[in-house]
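Here is the structure we will look at.
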Amino acid sequence: MSNTVSLQFPDGSVREYDASMTGAALAESISKSLAKKAVAYAVDGTVRDLSDPLGASGKLEIITREDPRALELIRHDTAHVLAEAVQELFPGTQVTIGPVIENGFYYDFARNEPFTLDDLPVIEKKMREIIQRNKPFTKEVWSREKAKQVFSDKGESYKVELVDAIPAGQDLKIYYQGDWFDLCRGPHMASTGQIGNSFKLMKVAGAYWRGDANNPMLTRIYGTAFANDNDLQAYLHMLEEAEKRDHRRLGREMDLFHFQEEGPGVVFWHAKGWKMFQNLVSYMRRRLDSHGYQEVNTPQVLDKSLWETSGHWGWYRDNMFKVTVAGDDTDDDRVFALKPMNCPGHVQIFKHGLKSYRDLPIKLAEFGNVHRYEPSGALHGLMRVRGFTQDDAHIFCTEEQMAAECLHINDLILSVYKDFGFEEITIKLSTRPEKRVGSDELWDRAESVMMTVLEQIRQQSNNIKTGILPGEGAFYGPKFEYTLKDAIGREWQCGTTQVDFNLPERFGAFYIGADSEKKQPVMIHRAICGSMERFLGILIENFAGHMPLWFAPVQVVVATITSDADEYAKEAAAKLKAAGLQVVTDLRNEKINYKVREHSLQKVPVILVCGKREAEEKTVNMRRLGSRDQESMTLDEAIARLCEEATPPDLLRLKNAG
C-alpha cells in the first residue's frame, strides 16, 4: 500500500500527502485560519472526522460551518450533548438512539418518570455548560464483546441491543466527549465548543422502542440547531407562522372538515370544505381535458389475485385494508382489498380491446379514492390520512414517445403549480434502487431518456432547481419528484412522474406495432397534487386560509347594517349568484363590525355591506379580507369586478386568448 495519497482540490490542482496525515493537520498546512474554521473534511464526498487519517486519494473538501453539510454535524453533535446533559441531570436514565432528522434532531430516553416541557429549560442550560467545556470528540473502535460488557455494566440495555444488531465485521465506533461516550457511526466535529449556542429544545413526545407498540414506551426530546442565531430565529419565526396557518385549526375556524375517533384518518368534509374540494376537482378536470386525458373510474374493492399479479400484495400487503365476507349467505371465502393505488385498474382498461401503435399515447386519468393503512401516530390532519383521493393518471406509450410525454407532463405540472401561486419548484430524478425489476439495459435507456428530459427542463426554466437522488427510484423504474416551496419557505413534495416497464409486463398488456407484432407499452404514472386532501391542506396553510377568490368556497357575503336593507341585500345576493358567484347573505340583527369580524375569521374574501343609503342608491360598500379600506360602487360594477377576479386562471387564459 502506498504511503502517499493524491488529493484534488476544489480549484482542480492536485497535491500529494502522507496517507497517515489527519484532516486537521492538512487544513493547518493550507492555512491556520482554515484550520480554525474547519469542522470536518470530505474525500470524494464522504464526510470524515478531522482526526481521521487521509488514507486514500480523491477529491478533497475542507468543511467549515458555512458549508451546508456542517449543519448535519452541528445537529448530530448537539444530540450527543443532549444525551450527556440528561444523564448528568437525571442519573439512571438510559440513552437509546438520537438521529438527525429534517430541521433538527431527537434523542429517545428510557426513564421511569417521563420528561415534561418544564424539564427542557433545565436541560438546555446544562447543554450550554457542556458546550462551554469545549471537550474534544475522540473516537475509539471497540470489539463487540467489550462494547456489550461496558454498556451492560452501565445498565444500558438498549445500547447492548443496538450492539447486537450491528452486522458482523462492521466496526463498533465509540465517540467520547470528555468522559461521556456513546455508540455512534460518526462523523463528528472536533469538539463540543464548535457546536455554538444556536440551538433549542422544542418538545417532548412518547415513542415506542424501535417503533413497535409491543416494546416499552420511551420519552423523545426533539430539538433543533443551526450554524448561527439568525438562522435559528428565522426557523423559530417560521414555526410560529406555521402554527398560525395550521390547516387543522383553520379547518375548524372556517368550518371546512373534521376528524373523529370512529373514522381515524378519514375526512368528514363539511359543506364549505367539500365545495373547496370540488373546486379543485373541477379545475383539474378542465386541465386534464385540455391535455388529452380520458377520465375513467375503477372499482374500490378488488380480489387479492389482482394485487398478487401487480406485485402490491407482496410489496405492500401490510399497508392494505383487507375485506373478507363470511357467513351463511356467502358462497365463497375470497379475500378482497380496498385499492391502495389506481394503476392496476388502469391497466385493465387499457387491456380491454385491441390497441394499435396508432392509438398511442393513451392517457387515462382518475380522481381515485384509495386507502392505505398508516399507524395512528403518523396521522396528521389532511397531510397524512388513511383514505384519500389521488389525481392519478397513467400514460401508455411507446418507448420512443416517452421523452415527449414526460415533457408534456412537466409542462402541465408546472402550469398547475403556477396557477396556485407556487413559483419555486425543485425537480429531482430518482435513479435505480438496489432492489429492482428489469434488465440493466432497460434501466440504462430509461434513465438516459429522463436525464435528457431533466436537462431540457433545466434549460427551459430558469427558476426551476434540479437534482439527482441516486438509488431512490421505484423498484419498477426511475421517477421525477416535484417539490414546491410555500409562502413561509417550507418545501412539500407533491407531483411525481414514474416510468414503469414492470406492470404492463405483469398483466400482459400489449399493443400491435407497425410491424404487426405485439409490443409491450411503457406505462408512465403521473400525479400532480398527489393526495388531493394533502394538497388542499398545503393550500390552506400556504394562503393562511385566505384563498384566492376563484377558489374560495364562499366568495362574497352580503351583510346588512339595518333591517331596512334586507330586501335589497337579498336582491343583490340573487344577482351575484346569477352571475356565478358563491354568495351568503347575513341579515342578522347584529352590529356590522361584529358581522365583519366573524366573516373575516372565516376567511371570506369579500364582504359587501348594505345599509339604507346603499339600498336607495343601488350601491354597495366593498370590504376585502385583510384590509380596513372600503370602497363604494354600484352593484353592477361590483358584480363585473368580482366576476373577473373569480374567473379561474385557466379559464381566464382562454378568455384572454379569445
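Each residue, glycine too, has its Cβ placed from N, Cα and C.
Copied over from Swiss-Prot:
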- 1-64: domain 'TGS' (DOMAIN)
- 246-548: region 'Catalytic' (REGION)
- Cys343, His394, His525: Zn(2+) binding site (BINDING)
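With every protein chain in view, the residue among the binding-site residues His394, His525 whose Cβ has the most Cβ partners within 10 Å turns out to be His394.
Computed over the domain 'TGS' (1-64), the whole-number mean pLDDT of the model equals 93. The domain 'TGS' (1-64): residue composition by secondary structure is 14 helix, 28 strand, 22 coil, according to DSSP. Report note: the Zn(2+) site is defined by Cys343, His394, His525, and the residues of the same chain whose CB lies within 8 Å of the CB centroid of those residues, excluding them, are Met341, Asn342, His346, Val347, Asp392, Ala393, Gln498, Asp500, Leu503, Met523, Ile524, Arg526.
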